[in-house]
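Note sheet for the following structure.
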Amino acid sequence: MGALFMVKSKAIMIGAGLSNMAAAVYLIQDGHWDGKDITFYGVDMHGANDGGATTDFTNEYWNKNHPMANTTGYVARGGRMLNYRTYVDLMDLLDRIPSVTEPGMTAAEDTRDFDAKHRTYDIARLMQGGKGIINAGKLGFNNKDRTLLTKLIMMPDSEETKLDNVSIAEYFKDDPHMFQTNFWYMWETTFAFRTQSSAQELRRYMHQMIYEFTQIEHLVGVNRTRYNQFESMILPLIKYLQGQGVTFIDNKIVKDWQFKDTPMQDEITVTGLVIEDAQTGETEEVEVDEDTAVIFTNGSITDSATMGDYNTPAPENMDYGVSASLWKKATERFYNLGTPDKFFNDRNASEWVSFTLTTKNHLFLNEIVRITTQEPGNALNSFLSTTPITPLNQKDVNMSIVVHHQPHFTTQQPNETVLWGYFLYPRRQGEFVNKPYIKMTGKEMAQELIGQLSKVDPGPGNIKDKEKENLDSIVNNIPVYMPYASALFNNRAKSDRPEVLPKHSTNLAFTGEFAEQPYQMIFTEQSAVRSGEIAAYHFAGVPMDNLVKTPRYDKDPKTLLKATKKMFD
């Protein structure tokens, strides 16, 4: 980190997601700042960790489907599986703020309490027609698979640039068998990796999640919040920060920068921001004085997302994305701030479609429980094709679902069920609905799910025989198209993301999933929180030695031995 050390006393946060909220908490608690000196500008007040009644989202900036014909039910664009073992910065953050649903508990205690009473143990991780529940504990490696994966695990941090611009497909180009293993089916759907994704990022995951590699088939290392992540994590942060006097200004898009003119082209000082009102289109200029830090979340995986409903597919939104556009403008001025096009100009590598399904009774839920033989809250069920569907003429996962512990929302009624699912490759053709997933309505996605369940139904009877009753029980199913959902995994070089504290920056820091941090893997609340923590400590003058210590299981002999044994199961 080569940023110029300049302690500030005020901050402007561009983006109101987890990483910037974390930065604000650390500025207040460890930097001893006054909350009134922190101002957030964002298009919404939740970032990617959202979740709520459909009506809460219909008028948000990113929803282009107006008017929605059906606004009943709930929606969450995505979901998060936590891991206490590695998400140490997240748990430190949540221990600093009170829960909004459990009096007397911190948000971390709330999650630990719920998780201790509802431990994850998935017994139907992979399912396939003709086989039902697959014994996924057998990872299916051959010796070439083991050799190449071991090379990733043993590659030191200092050599990871050898994987600059190397995709997973390229890394395993002489070993197509890897993509036919139970390991790959589970890894791609647990973390949303694709064959086009970065081998460099896969290496980081193998290092930081090496302990979970040894028990991936049951997801026993997965920890979950009591409710959706908005109500269990983001809302407590908002309430705490508002109580500290922090200002949140939403429906605002930061459109452009004003930088100080300096003789050196890599000296970065923000002097002003051009901000547009997302509803009126009016713009204003906000001055940034010398005592103000600018902390910017440079890219969001939910940028340009769109919603459909039960009878309407989610439309494609071709926007580059508001946060990525602002990042791109910064890179046009300074050469050491990364390459946003690597992440936001290749939808073929980054897009997927999710859905949130709400029912008025538990008929559908009970059918899923019967077929998968496990209670809600344990599952990430992935349905493996019975015929080749990939460019390599191989089988792959058609779709995946998460059956939450109920209720998943605090306002959810006792008779209601909410479940979530996604299609990692949205342009593949449906098996039971003859169109690409991206073109499907919420009803058609439900029909596709019933079809996939019917292939693995052990009987007696079959869910397909009750298709009408199950469909009639659905009050809504909200498809969400996310063009950049896996953008953070896109093939890249290490230099394609700016450092949290860029060299020669006097007041600008980057946070979130598109900021480069040593060792940290992305698409995790861990990396998001840590980036905010680093930015906060820098601008508050807190020594970096005070950062939460990151465990290195990849350097623990016992864990490595356990992983080696797992490879030969």
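Here the Cβ of each residue, glycine as well, is placed from N, Cα and C on the backbone.
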Cross-ref Swiss-Prot: FAD site Tyr87, Val254, Ser300; candidate in list Thr511, Thr524, Thr550 matching that site is Thr524
Lowest local Cβ density (other Cβ within 10 Å) among binding-site residues: Ser300, Thr524: Thr524
Would you give the longest CA-CA distance, in whole angstrom, between residues of Tyr87, Val254, Ser300, Thr524, the set recorded as binding FAD? 30
Can you tell me how far the Cα of Ser300 (FAD binding site) sits from the Cα of Tyr205 (active site, proton donor), in Å? 20
Alpha-carbon distance [Tyr205 (active site, proton donor); Thr524 (FAD binding site)] in Å: 11
Please give me the CB contact count at 10 A for Tyr205 (active site, proton donor), counting all chains in the structure. 22
